[in-house]
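Here the structure is laid out as structure tokens; the discussion comes afterwards.
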Amino acid sequence: MSEATAPLDGATPEAVEAVEAPGAAAVEVPAKRARRPRKPAPATAAAAAVELAAAEEVAEDAGVGEHPGAAGVEVPAKRARRPRKPTLDAAAAAAVDLARAAAEEVAEDDSVGEHLEATAEGDRIVSHAFACLLPGYRGWRWTVTVTRASRARNVTVDEVCLLPGEDALRAPEWLPWSERIAPGDVGPQDTLPRKADDPLLEQGYEATGDAEADELALWELGLGRERVLSPLGRDEAATRWYDGDRGPRTEIAENAKAPCSTCGFFLPLAGSLRQVFGVCANEWSPEDARVVSADHGCGAHSETDVEVVADAPASALVVDDLDPAAFELVDPSS
């Protein structure tokens, strides 16, 4: 190294402001800028988390500025930002003890279990979940939502509530009474409310399009009814009856010797349903006073017969062939 470039003894290049080389003009070396004093290190991990979150907020608030282009240079438009997923705030996520104390205050017993997770709900908003130890609340969680203001160190509690988890034991979904009630639920003292827009009914004075049915309706009692069965209601009733216990595909009908349509106790229904259905009038039949299909059947058919069997089996013929002379008569008085 030459004398012009060699460092001085005991001095560093940063501390030298000017070095004169023999035979050369003085060269000025800019002095080093004064260093800023460093901030003291945080005393605890929680304080470090708060400072880290504050630094992230400052960087986020500052953003990246847009520089206009030079004259005649077109600057492309900025693309729309996609919705940003909330990040987990470090300070709020570290406030587990604060959240537990809030949950225990609301629970008023030892039903607050272990800490399960911390979920980011928004900017600087975190929900802490604790296991619920209450009997009958398997899978439920004590959920405590905490937050803090922008650039603030203090974390505060927003709300405390008991929420179900994915495998929580919950009551069945509520259904209105109209969906819960089933056939057979109406008792002797119950009354169902009227359905004003029941699709199974229609106005009683409307023509059905069937001339024979219309003429029959003019003769039958009930001409002044406000509503009668609609085609949809009639079809649904016919399907329900035919596929039910008094249709052709039942055990009693398959074992019958003849169908109901040939039975003297079969009373056909009126209207368009008379070709398929009727009412049983046989008191000995299990279907007495019920609507049955014409191809239904039972063992009480009026025209079927079986071989009559005596109540007691007949014994063999016994002939009295004993001779009275073979016996000695004795006077009981002697």
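Placement of Cβ uses the backbone N, Cα and C atoms for every residue, glycine included.
Remember, TrEMBL labels are computer predictions, not curated facts.
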Candidate ranges 57-86, 207-236 [criterion: TrEMBL lists as region 'Disordered']: 57-86
- request: Among 1-45, 91-135, find the range that TrEMBL records as region 'Disordered'.
  value: 1-45
